[in-house]
Number of protein chains: 2
Amino acid sequence: MDKLQNKWFKESCEMWPGATFTFEVKEVLQSGKSQYQNIDVFDTTSLGRVLVLDDIIQCTQKDEFSYQEMISFLPLCCHKNPEKVLIVGGGDGGVAREVAKHPKVKEIVQVEIDEKVIEVSKKYLQFMAVGFDSEKLELHVGDGFEFMKNHSQEFDVIITDSSDPIGPAVNLFLENYFSLMKSALKPNGIVCSQAGTIWNDLDLVTSTLGYCRNQFPAAAYAYTTVPAYPSGPIGFVIGSLDKNIKFDQPTLVFSREDEKAMNLKYYNSDIHKAAFVLPTFVKYRLA
Amino acid sequence: MDKLQNKWFKESCEMWPGATFTFEVKEVLQSGKSQYQNIDVFDTTSLGRVLVLDDIIQCTQKDEFSYQEMISFLPLCCHKNPEKVLIVGGGDGGVAREVAKHPKVKEIVQVEIDEKVIEVSKKYLQFMAVGFDSEKLELHVGDGFEFMKNHSQEFDVIITDSSDPIGPAVNLFLENYFSLMKSALKPNGIVCSQAGTIWNDLDLVTSTLGYCRNQFPAAAYAYTTVPAYPSGPIGFVIGSLDKNIKFDQPTLVFSREDEKAMNLKYYNSDIHKAAFVLPTFVKYRLA
């Protein structure tokens with residue numbers, strides 16, 4: 001495989017030139033092109049299995065729980081009654097796995113554009129693809145952008161688990177995507193989108209939060225730590241139709257028993273609050 | 001320079017095998033051995049200037065402020081009156097730069113073992129070495145461990161800005177170091193030490209916090225995000241002789257004007273509180 005040098009994979013992306021992450025590969029489990037992108041799965045010496053799309057790390061077995069739990073439970077626990085949830089993207093199944101755990105969630109609809117990602121995840125990334133087994137889930141293969149045009153006032157929460165804004169996900173970072181999500185939400189609905197890192201993509205964070213603010217009466221940025229993503233922390237833009245929402249006050253506070261029952265390894269009710277507290281250089285840039 | 005491949009430097013350390021950070025070098029400004037370690041300084045295409053000791057990244061111009069502000073202001077703002085501060089290590093000057101800003105600090109004593117690090121920093125890393133210009137500072141070249149044996153009940157705060165526990169810093173992660181610091185503190189004194197990351201070194205974090213707890217009636221772990229360190233977040237063990245201390249409640253709350261006056265780019269009074277909030281898998285491991 002020509003993208004490996006002495007069994008080391010080096011991530012490379014025009015969004016963060018000049019500094020990057022590398023890992024040692026034990027075995028190439030999957031390498032090939034779908035209709036939309038290159039899909040690689042590696043077994044590695046230190047990160048477990050790793051999913052790479054178009055040469056960018058999407059998730060590693062070691063740390064994916066941080067991302068999946070936080071992108072799911074932050075919006076779910078901001079909402080008073082998140083009964084019906086839409087997931088856009090998330091083809092590895094990790095977000096579905098987390099959303100299905102929330103006690104108030106009754107129905108999950110997921111729209112992933114790339115069937116091959118689902119197939120590969122079911123074969124090699126079962127620890128995430130287990131999410132597809134939930135009885136709450138209805139899975140569609142298609143364009144989330146198009147899907148939403150035909151669904152009005154239907155969802156309590158919309159989670160967009162996309163890759164970065166190059167390639168198939170570019171439309172999911174634009175203002176009309178936030179506008180579409182708004183019309184697909186029920187009253188007091190909430191959206192949460194992957195939105196880049198404060199260290200490498202502060203321009204992207206600022207623009208994405210700006211689009212969300214233009215469409216939603218309340219919006220905020222929160223973050224978590226995911227070592228395999230460039231720079232470490234990765235963040236989410238969250239918008240709500242409830243203008244009085246307090247994002248940093250979870251509506252449902254979990255006990256230690258709740259955390260155990262849901263196998264939550266990263267998210268807890270205190271880290272929910274802390275996730276919205278920003279370093280000074282970010283706070284005033286986003287203000 | 002044989003550690004560069006096509007102008008890329010790849011960090012390598014037995015503490016985190018199998019996954020590592022690499023960056024593109026514009027120019028090698030310094031490369032050589034001191035009595036204690038290899039010292040390299042690079043100018044890079046995306047991180048500004050970078051200090052590397054024994055092939056491990058110590059700080060980059062892009063993100064060093066996060067580390068320096070947090071290791072300094074967390075303990076300083078936990079203390080009611082941090083008049084006299086000891087810095088152990090910190091040969092680049094960055095911690096002295098931050099400590100000197102705190103309005104209550106009157107005297108800073110710093111003990112760095114490697115004179116060559118100070119010299120190289122003054123030559124190539126002036127943005128940190130500016131800390132050595134403070135009139136509050138008295139700088140010693142020597143072993144912090146030995147220095148403390150001769151200083152009893154003298155300091156309000158002791159900050160240990162060390163490299164990782166391989167090489168010259170190994171003694172600074174042992175229980176008798178915490179015991180020595182304890183005897184060098186005034187009543188209600190506070191210590192703060194670099195203590196590894198939750199993602200790569202949780203065993204180290206656990207043992208270091210354990211040593212601190214054995215010696216101090218109150219101890220906690222806090223963290224910040226530093227993209228150039230392995231995995232992103234890096235943490236600190238903080239111990240206090242005041243058993244009633246509330247680490248997450250800063251004694252001095254800074255206004256926006258204070259932040260500006262001190263040029264604080266990362267630390268603020270809210271992030272002080274949030275820094276002590278831990279992900280579930282860490283919280284119960286350290287409990």
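Count begins at 1; order follows the chain as displayed.
The backbone N, Cα and C atoms fix where each Cβ goes, and this holds for glycine too.
From a predicted model like this one, the values you see are computed outputs, not experimental measurements.
The annotation domain 'PABS' is assigned in TrEMBL to A:6-241.
Mapped onto three states, the DSSP output places A:ASP161 (active site, proton acceptor) in strand. Positions annotated as active site, proton acceptor by TrEMBL: A:ASP161.
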Close in space, distant in sequence - A:ASP161 (active site, proton acceptor), Cβ under 8 Å, 6 or more apart: A:ILE71, A:ILE87, A:VAL88, A:GLY89, A:GLY90, A:GLY94, A:VAL95, A:GLN194
Predicted model, mean pLDDT over the domain 'PABS' (A:6-241): 95
